[in-house]
Amino acid sequence: MLTTSALSADAATALTGEELHALMARLYPICRSITGDGVRQTLDVVREYLPGLVVHEVPSGTPALDWTVPFEWNIRDAWVKNAAGVRVIDFRAHNLHVLQYSQPKHGWVARQELEEHLFSLPEQPDLIPYRTSYYQPNWGFCLSHHQRAQLQDEYYEVGIDSTLDPAGSLTYGELLLPGSSEEEVLLSCHCCHPSLANDNLSGMVVAVGLARWLAQVPRRYTYRFVFAPGTIGSIVWLSRNPAAVARIRHGLVLSLLGGEGGFTYKKSRRATAEIDRTVALMLRDMAVPHQVVDFIPYGYDERQYCSPGFNLPVGCLSRTPYAQFPEYHTSADNLAFVQPDVLAESLLLTQEVLAALDANCRYQNRHPYGEPELGRRGLYSPVGGASAHPDEQLALLWVLNLSDGQHSLLDIAERARLPFAQVQRAADRLLAHDLLILLPD
Amino acid sequence: MLTTSALSADAATALTGEELHALMARLYPICRSITGDGVRQTLDVVREYLPGLVVHEVPSGTPALDWTVPFEWNIRDAWVKNAAGVRVIDFRAHNLHVLQYSQPKHGWVARQELEEHLFSLPEQPDLIPYRTSYYQPNWGFCLSHHQRAQLQDEYYEVGIDSTLDPAGSLTYGELLLPGSSEEEVLLSCHCCHPSLANDNLSGMVVAVGLARWLAQVPRRYTYRFVFAPGTIGSIVWLSRNPAAVARIRHGLVLSLLGGEGGFTYKKSRRATAEIDRTVALMLRDMAVPHQVVDFIPYGYDERQYCSPGFNLPVGCLSRTPYAQFPEYHTSADNLAFVQPDVLAESLLLTQEVLAALDANCRYQNRHPYGEPELGRRGLYSPVGGASAHPDEQLALLWVLNLSDGQHSLLDIAERARLPFAQVQRAADRLLAHDLLILLPD
Amino acid sequence: MLTTSALSADAATALTGEELHALMARLYPICRSITGDGVRQTLDVVREYLPGLVVHEVPSGTPALDWTVPFEWNIRDAWVKNAAGVRVIDFRAHNLHVLQYSQPKHGWVARQELEEHLFSLPEQPDLIPYRTSYYQPNWGFCLSHHQRAQLQDEYYEVGIDSTLDPAGSLTYGELLLPGSSEEEVLLSCHCCHPSLANDNLSGMVVAVGLARWLAQVPRRYTYRFVFAPGTIGSIVWLSRNPAAVARIRHGLVLSLLGGEGGFTYKKSRRATAEIDRTVALMLRDMAVPHQVVDFIPYGYDERQYCSPGFNLPVGCLSRTPYAQFPEYHTSADNLAFVQPDVLAESLLLTQEVLAALDANCRYQNRHPYGEPELGRRGLYSPVGGASAHPDEQLALLWVLNLSDGQHSLLDIAERARLPFAQVQRAADRLLAHDLLILLPD
């Protein structure tokens, strides 16, 4: 691939934070799970923004690596009524109220039995928790601890109008944006959480923003977006796409990008992959609060992408990580918890990261013996002796000095401690003066 | 060697701190040196605890690497009498009073001449120092500085009833505990110091405790214990055992394990040997005060084991190191200076280290592509969504993620920052579920 | 090269700080530039100290790497006169008053036009700056900001009596001190600045001091001193000496060695070259305030020596670096700014560095299995048991332990954290006792 990047030029075409938030507001009420109509409705909305999105259906029972695609779960209604017939827990009020993958149920249960199927948070008594039981048959309700304390009757009528269909399927969406190169960048987000805004929707809307932007710019890499249910979705995708897996050069799992707090980048299992170094560099260049943390085999779908057989260079970008903010997996992770300007900043950072990956090349200095005479080319200040040396001039010297075939622009920006964009501009100027040769990958 | 470790199971069979201290109390009065009956008597007592101990006698004059086994020294009595015939320095009062390897002597000497043969500590005026002159013919007495100040007579009668026998021998003890593998772990301690408790006896009694325990448990490695005089003893052993040297995979010199202060582990010359990493990890896991220091070519017999020709992976475990506590090499390093609970803790740490070495293997994840489905095997919590992920679960994921053939359990515990024992348990559970294959060494 | 170093023995023969300063005082008034008689006069004085100095003349127009030797510039006089014929700016008062490489000029100019050719420092209004325009035709004057403020006339008469000779040449000096080996150490300093003491003269006089000393001592390496104008001078030298370039094993650019502040060593592009490690070690051993900084492709002639095609192991030794002290490139960088004792310390450090490079060898321990018996060779204290182990004894053990063919004395001094000189002495003693074999490079 022998052209330099134009990718960073068109950042202005990206969706605004408000537009991202508006998309999120449309998706928020839908009751998603790892299978079912919620995912389909969600991907229908996403397709309005990304017409090229392909929706895949994988039948229940299909083997996928060590797993099997589960029965498809759908739910129409769920409630607990007291003796007076009043709904004391009501799925229609909040879709978090039902334990995900609850089996169909109807009948009277003693309070003691009901209690074994209730989930609440004693230390956050106002919030409804999010709980699942995908792979073990169960039924249950999630509710605030205050609400739970009011359940004093001896018997309650329980109704769960759900279906678990062995002839159903698992649904995921995929968008491919071809570039000059067949080498791929993977962007992956999970789409299996019901009404949770930061966890799940923020990653999805940033992915939509990124894809909209990428669709409009020249692309060096081919970009592949995967919107899939957590764990089983990425496992299904990995099991069905060995050829694409082999083409992945860089990847990011996007999650929790709308809440408070600085960025958290969790490195890939490889730890020093180009994506790891690029994200760290752009966080530094953007001068935003952030932390870069080591890979651990827990978290989002990077667990699958970084399993030892695949060991893909895929990191995970979040703001405050899962389980480290009190709203995590509760009804407080709602639309108000996510701010448009936070989404916009998250989108901007990922754009900068992709632009840097796209622009990262190795050059060969055509005059490696001594410095080339920059002055006669108008690249150096004509009057000498002043103390200050502008960073632009220093960037030229760094690119010349390290363009020995061993160093990429990323290497140079790291070693020179200069912004990547400045190093890239210096390379562009030197290239325009025929002082560099772009090397093949 | 293709079984996992059972070695850590039987820690309860170890000697108690009180038993170790009682053994030390029996050995304390014996006047040991680098040769002679003191070493023989000492090894006779050790053999009561370790019936398999073999005592070797190496004739004086035998070449050993660049050295020669010295004449055998024995001493029956030594004294300095004043004109009134009163013993003003008396070997019978403390065996530190004689300069080790003093030649036989009897006669009157002027005080001025006597002074040249006296050793005392002006800054620790109550203590008798320990001094030696193994390789240069000499005679002398060690005494407290207060005692020395009282020597005001013009002439003293000196008597040293010692022998230096060219037909004698050097004595050392060796115990071999065979394991499933011929690969060896070397445990070495010096046994050449007279009445000094921490320096010399503490290492010996911890070695006895270790050997007693190892004798009762299944062993992967073969364990070799060497009780030998410092420097010349290890040199003699190294010179006579080239085949055993070649089988040593890990080793520890044990010394100064009964005094105050946290542990000090001095790394082998290799610095990153498995023994070095294992001791550091177990010190961390046991959460005891400790320091890990770099190798220097001074200290105990690790000097010989880590000489460049051998360069064995042998470190040295102590508590406060030599010369860094005021009682070092003085009469204050006595039985009261060493506490039973300190000995017990030292024994426990070395047990944990050997157990970890024994258990350290590499496994291959049988399902390296994506995570295996732990839930259907009962290894994962059935209800999802809660914030906390128990360390036990995380340990399973780490072992799966890093069991790619490149990482040992030690590597995993280091990278995961989890206790080795937890990582080992996780591996055992995964193995029981047929999710791992144990790899050969 | 199979002899050990005698180089450090004769440090007493070096020039004193006062002698270095006196030489500087002779050179200070000369108006140097990158070409011209100023450089020739300067090298004539240097040759009085270094009779072997060879002065090279390279014709203007000669291609050198990507550059071309410029026209030779000489200047006899330069002035700005007011209407009354009074010189308000006068080259005879200070040779910094003229912009270096000013073209000849004579005539009346309006003040507004004159202002475009004036250079002053508003924030340092008393000082005359140093400015150049080597490669872009121009004329100009440098003056204090106070002096500039007094120029209120409408017209001034400008006279610049300079020549720019296309038939001239560039002048540089070179001194070769052959050693036992053809491998070379390069010492380079720039000689193109007019009356600036720290910047340019301090490096030159330290180089003269070094060369005088080296000329009197046995030398392992061949030493090459280059006194050349900055940038174009080193480029010309590099272009004309490919064979010498190939023989350079170590090198130092000397600059700014007479001003205040601790030492600054800027590492070569290689970062871990022997010169880099040696300078860092000797700074540590001399216990002088210092900093060691990473290479950047800006500064003095290390820019050319460390260009990627050459990538020579050449660092730059200074005290406070360029542009980091207020006197830099101004009339305040005068003879009073440079102190004799500072020059002497700079010379001493460079001597220590060269002595260490010269002495740095690898040895093979002849008794690598166990320690050799040092006691019987008189290298070890005959009485054992004392707490203190003298560093001299420890140095012997370190040299024996690490002389396995892989470690140089530099490696040993670094790892042992002992002074290089002590390690060197230990090696000499061991060699004298036939315990080491000197290995070829």
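Cβ atoms here come from the backbone N, Cα and C positions, even for glycine.
As recorded in TrEMBL:
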type: BINDING; residues: B:HIS193, B:ASP199, B:HIS329; note: Zn(2+) binding site
type: DOMAIN; residues: B:21-360; note: domain 'DUF4910'
type: DOMAIN; residues: B:72-163; note: domain 'DUF2172'
type: DOMAIN; residues: B:363-436; note: domain 'UCP01524 winged helix-turn-helix'
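All features noted in TrEMBL, drawn onto the structure.
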{"residue": "B:HIS193", "record": "Zn(2+) binding site", "DSSP class": "coil"}
{"residue": "B:ASP199", "record": "Zn(2+) binding site", "DSSP class": "helix"}
{"residue": "B:HIS329", "record": "Zn(2+) binding site", "DSSP class": "coil"}
- What subset of the binding-site residues B:HIS193, B:ASP199, B:HIS329 has a Cβ positioned less than 8 Å from a Cβ of chain C? B:HIS329
- What is the number of other Cβ atoms found within 10 Å of the Cβ of B:HIS193 (Zn(2+) binding site)? 27
- Message: I'd like the number of other C-beta atoms within 10 A of the C-beta of B:HIS329 (Zn(2+) binding site), please.
- Response: 24
- Query: Near B:ASP199 (Zn(2+) binding site), how many other Cβ atoms are within 10 Å of its Cβ?
  - Reply: 25
- Task: Could you break down the residues of the domain 'DUF2172' (B:72-163) into DSSP helix, strand and coil, giving a count for each?
- Result: 13 helix, 37 strand, 42 coil
- Query: If you average the pLDDT over the domain 'UCP01524 winged helix-turn-helix' (B:363-436), what number do you get?
  - Reply: 94
- Item | Tally of residues which DSSP labels helix, strand or coil - the domain 'UCP01524 winged helix-turn-helix' (B:363-436) | 36 helix, 10 strand, 28 coil
